[in-house]
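> Could you have a look at this structure, given as structure tokens, before my questions?
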Amino acid sequence: MQSSNDRARADGDGPETGGPTSHAREHHEDLGRAFVETAGDLHYEDPWYDALASGWGESAVSPHVSEVPGARRERETGAAAAARIYLEVQRSAAFQEVRRRYRRFVVPAVLGFFVWYVAYVVAATTAPEFMARPVAGAVNVALLAGLGQFLSTFLLTWAYARHARLRRDRAALELRWDTQELTRGARGGAL
Amino acid sequence: MTGNHQTPALLLFSVFVAVTLGITTWVSRNRHGSAEEFYAGGRLFSPMENGFAIAGDYMSAASFLGVSGLIALFGYDGLLYGVGFLVAWLVVLFLVAELVRNCGRFTLADVVAARMSERPVRIAAGTSSVTVSVLYLVAQMVGAGSLVALLLGNTGEAARSWAVIGVGALMVVYVSLGGMRATTWIQIVKAVLLLGGTVVLTVLVLLRFHGDFDQLLRTAADRSGHGAAFLAPGLKYGGDWTARFDFMSLGLALVLGTAGLPHILSRFYTVPTARAARRSVVWAIGLIGGFYLMTIVLGFGAAAIVGPQAVRGSNASGNTAVPLLALDLGGGADSTGGTVLFAVVTAVAFATILAVVAGITLASSASVAHDLYASLRRRDAEPRSEVTVARIAAVGVGVVAIGLGLLARDLNVAFLVGLAFAVAASANLPALLYSLFWQGFTTRGAVWAVYGGLIPALVLVVLSPVVSGSPESLFPDMDFQYFPLQNPGLVSIPLGFVAGWLGTVTSAEIADEAKHAETEVRSLTGAGAA
């Protein structure tokens, strides 16, 4: 864990950070977050944490992405080299892991809330008798379903934000710095 | 509405206009005139600031006045709008916000055109963005006109026209002088005012019923004359199957349209990173969700306290329910409290319209300058600064919106908003999602997806009962109505997706693998993001 934090930090400090203000801010956020996590130990209770520590990062990404394009840099134009780098990064295990994590959350979540919403709209238009069934006092099924839509939206928002923060952000940030360093190197080499 | 309510309302509204103009001049004092500054406010807003600004952009007068009015008149069926408006944000949060922030620079076309042959895609996406914006803009202008008519006691057409012209002129000033930075601050001020006003009214309604929500519901149901049916769906969208399908169409457009609205997409570029974009959407969902929950209380409160008869008597479509409720909660028409609260609510509603209108104008001027002008100008033409073009475009959009706003003043505001959502969902969303997630998507697919959603949506509206064939239509004397639904979404949204797919599989072009890799890597990691 600690090594991972240091790595992200070191990458953030590197000279490759174009657009100083935005990256300074991102870097700042990252530092703040790392601090909170180490202080609160929240991170370690996440059941996915172990997979996160071993699945990507330390060994997989850097050698794979950084060497191949680097060796060919001089023989290609900047744009072609950049295109090559994006393909390399896309095929890297680290990126595939980030993408897999994103999709494994988003695909079921989108299907889930969309089906739930469509079911709600269809029920409201085709089964008003069912929706009108009283539950408690003046509150009926329709009101509960409507409030349930609000509740599920809030819960999914919270779950998504948490998932992205704990499971994607750091890996994505590292990939971002690595990729930018490579493309900058490639474009610089071509000039 | 008698005369003694007008003065404080106009006074408060003038204060808001003065403050926002102050913000605009203060902001433009040290502007740099770069495209980054004009379209994206320098990209340095914090997630919380941007979250409030998104909420400010989204909570239009149609929500504040329209949804609560619909609840006051039709009970539960009005609540369905609020649910659709909120759930839509999950599409934005999951599929759009972060990826768009990472891939684009200023507009929707930036994202879609990145992988494609740029010119035709940019023209298509720019055209549909401007169309959506203008439809949305006209809805807000019509709303401004009705609000003034209410405030000035229906003194006639002249006041209404001047309100539309005044709103148009102000928005052009905000946008062309202040750009995104001023527009964002206006949204933030407006969101705080709107939420503050809503909280006060909600608390007052709940206090009136001693915090007993059940009592509030029962009173509303009794007073409505519909009994328990008031609390169940069907009063507005029950009836025949056409009405039911119309509602499903609207529901689909609401939930899928938000993610294609140009002025919402452009908000994600005002923060530095995708993570900040995500956090601003989380803020926005919290604020918007809270707002619609309070709208439900206000709507049922208006039904219980003011009564649907009085609401309908003041405005047939219910738009005045909340101001009337404020008047009553403050102590009645002749009390100071009532007058003050009424003034606050109408001034907030005005502020809402102005701010929303400014946001949309900015987004459409960006589409005109960054997408259409940049693609369509003659090669040998003198290259002008894009920002200059955008400022001129803001004036042009303002003039068009004023003109259409004056023409369309009898159209229903909620319908126009629903239409804008339907067009956004049909034309913008398929192209956006395909280009983010489909490796094989091609230029022809992108162009077909945009036009294949845009054209059916507009044609179906022209053939719908809104334009002809019924006593309430735009041209009641003519009858070329061939499509039964008012909202085209149910047909045109699937058509947009099908057209994009069809265009892709029939095109000879093979999608560039490296370009797709670049889009995918950039969208998920933020590498190379502006």
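Using the three backbone atoms N, Cα and C, a Cβ is placed for every residue, glycine included.
Residues annotated as transmembrane segment in TrEMBL: B:6-27, B:52-73, B:121-139, B:159-177, B:189-209, B:247-269, B:281-306, B:340-368, B:389-407, B:413-434, B:446-467, B:487-505 (among others).
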> Counting Cβ pairs under 8 Å to the transmembrane segment (B:446-467), which of B:159-177, B:340-368, B:389-407, B:413-434, B:487-505 comes out on top?
B:487-505
> For the transmembrane segment (B:6-27) and the transmembrane segment (B:281-306), does the number of C-beta pairs under 8 Å, pairs 6 or more apart in sequence, reach 3 or more?
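No; fewer than 3 Cβ pairs under 8 Å.
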> Do the transmembrane segment (B:413-434) and the transmembrane segment (B:487-505) share at least 3 Cβ pairs closer than 8 Å, excluding pairs fewer than 6 residues apart in sequence?
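Yes, the stretches contact each other.
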> Out of B:121-139, B:247-269, B:281-306, B:340-368, which stretch touches the transmembrane segment (B:487-505) the most, going by CB pairs under 8 Å?
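The stretch with the most contacts is B:247-269.
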> With CB pairs under 8 Å as the measure, which of the listed stretches B:121-139, B:281-306, B:340-368 comes out on top against the transmembrane segment (B:189-209)?
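The stretch with the most contacts is B:281-306.
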> Cβ under 8 Å, sequence separation of at least 6 from the ends of the transmembrane segment (B:281-306): give me the contacting residues as numbers and ranges.
47-48, 50-52, 54-55, 58-59, 63-64, 67-73, 75, 78-79, 82-83, 85-86, 89, 92-93, 97, 191, 194-195, 198-199, 201-202, 205-206, 208-209, 213, 216-217, 219-220, 223-224, 230, 321-322, 324-325, 328-329
> Same chain, outside the transmembrane segment (B:247-269) by at least 6, Cβ under 8 Å from its Cβ: which residues?
39-40, 43, 50, 53-54, 57-58, 77, 80-81, 84-85, 87-89, 91-92, 95-97, 100-101, 104-108, 129, 132-133, 136, 180, 237, 277, 280, 359-360, 362-364, 366-367, 418, 420-425, 427-429, 432, 485-491, 493, 530
> Against which stretches of its own chain does the transmembrane segment (B:340-368) lie, if we need a Cβ under 8 Å and a gap of at least six residues from its ends?
5, 8-9, 11-13, 15-17, 20, 39, 56-57, 59-61, 64-65, 106-109, 125-126, 129-130, 133-134, 136-137, 140-141, 143-144, 147, 150-151, 167-168, 170-172, 174-176, 179-180, 183, 186-187, 189-190, 193-194, 197, 200-201, 262-263, 265-267, 322-323, 326-327, 329-330, 389-391, 393-394, 396-398, 401
